[in-house]
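Annotated transmembrane segment per TrEMBL: A:35-63, A:83-103, A:110-133, A:163-185, A:192-210, A:222-250, in sequence order.
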Amino acid sequence: MTAVIEQQTMNRTEPRTRFNEVWRVVRLHAVTPSVFFGIPWIILGGAWAVSMIVGIIITGASADVAEMGEGMRYSWAVLSPQWYLVAVGVQAIGMTLSFALGFGATRRDFWLGTSLMFGIVSLLNAVAIATLVQLEKATGGWWIGISMFDALWYGQNGWLVDFYTTLALQLLVLFIGASITTVYLRWRMRGMMILIFGAIALMLAAVALATFTESWPTIVEWLGGIGIVGMFTVVLGLAAFFAIGGYFVIRRATPR
Amino acid sequence: MTRTVVRAGGLTKRYGTFTAVDAVDFTLEENRIYGLLGRNGAGKTTVMQMLTGQIFPDGGTLDVFGREPAEHADVLRRICFIAESQRYPDSFKPSHVFTAAPWFFEHWDAEFAERLVHDFRLPLNRYVKKLSRGQLSAVGVIVGLASRAPLTFFDEPYLGLDAVARHIFYDRLLEDYAEHPRTIVLSTHLIDEVANLLEHLLVIDQGRILLDRDADEVRGSATTVAGGRAAVESFVADRAVIGRESLGGLASVTIDERLGQADRIRAAELGLELAPVSLQQLIVHMTGTDLRADPTEQEVAA
């Protein structure tokens, strides 16, 4: 009997390292790739198809192509998957945490693995979107003069800036969804209420402060001064804040 | 020689003013099959959730494989607990569950899992949320068996399983346990179904441990005495009565006692019938106090 037991404990099938325990959470998120990759790209692909059709209709109606491209710069089609990615962040915690705990992952490893997954997804999306912006410019708006990716702040400061801003934005939407869900899992509805009303109160206080001290012009000037890259560095900072906050909240969270 | 796997002392969990688990003490030894028995809401799941680090105790000490389980990867990797109400990501099918399992359970046996999927006729490519209750139980049972975790919990494994599937679970569990001994905790309120599997019983009711004994000791430890009311009452007069039923002039009383030769002869002389009490009946007697309190009092008054 003892021999059997000893043999069994020796019989490790794979070495267990810290990284392995984090990496398996990444694999767990990626086991159904439709969630992180499939659906966001279907949404983006759909938005692209709609933009193309609109472009073909407008060109078909022999309207001014240059004016059309300029008008499309204000379409938010390029950001269409972002709203869905907030929900992905929520689901990654709300549903997968419970499952991962059932499989014996720790909350710490789960959060680190989820963060790593968010990082990988954001990196890939940032590379893809920044590249698509360049492709759209190179092909003259997919040969019909539309401006879907080359829109809003994109396409003006080169590939690297487009990459950096997308990366920051992706991280922010994912970590907002995830970290707010950790608050729910730890403190339930009461925690959510305090969080929501606390955030609203804080914002109102900030607005009041800025108004009474008459510092709005200074703030606008500062935002203008830091430029696109500076603003998205603020976004990245916020993403980091949510990521670190989520880590501390999830350590005592109890999913049902 | 046997090691203690779990040691709980004064373990407590409260939800607001409700005490779900009330200062319980128990230990689990290595390589035995435990039954965690009790009624719905007795605290079975809460105990298992604390043992597996899914919730945090409010009091007491808890030692699993030598330390507190919550947030300790070296402890958790040796545990498998698929809760009866286990939630799965919406996008998951059983195939995803079994794909991910070997990353988390180092002793995972994929071949065994495949055989079990076949035995239970589990559809691998249907979304988990579309599975029937029995198929959902089968997913948990397959993970529990094929993971071969040194400490495995089965939470209500029989829920919704048909007779054939229950039999398969029973057979496969015993076969595999013989080859790969491990500590198993079966939590259920369907006691008779698992009674023969169990080596040790923990009966829990209203957050307290009512019984913590070897199954063999418990089996046949209680006796039901039936016959004429007067004869039964005189026979059980100074014994520990745990259950009492009567119909007209007949009475049937359950006593918490294994009867010796002399008692058996005396019972026969009084014309009484003696019957062993099944585990389920015994636990109904032990945990059904609320139900029984009133009729007993009326009987006494009469």
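Cβ coordinates come from backbone N, Cα and C, glycine included.
Curation does not apply to TrEMBL; its annotations are automatic.
Fair warning: this is a prediction, and the values are worked out from it, not measured in the lab.
Ranking A:35-63, A:83-103, A:192-210 by CB pairs under 8 A with the transmembrane segment (A:163-185) puts A:83-103 at the top. Between the transmembrane segment (A:35-63) and the transmembrane segment (A:110-133), the number of CB pairs under 8 angstroms, six or more residues apart, is three or more, so the stretches are in contact. Under 8 Å from some Cβ of the transmembrane segment (A:110-133) lie the Cβ atoms of residues 21-26, 28-30, 36-37, 40, 78, 81, 89, 92-93, 96-97, 100-101, 149-150, 154-155, 159-160, 162-164, 166-167, 170-171, 174-175, 178, 243, 246-247, 250-251, all in the same chain and six or more residues away from its ends.
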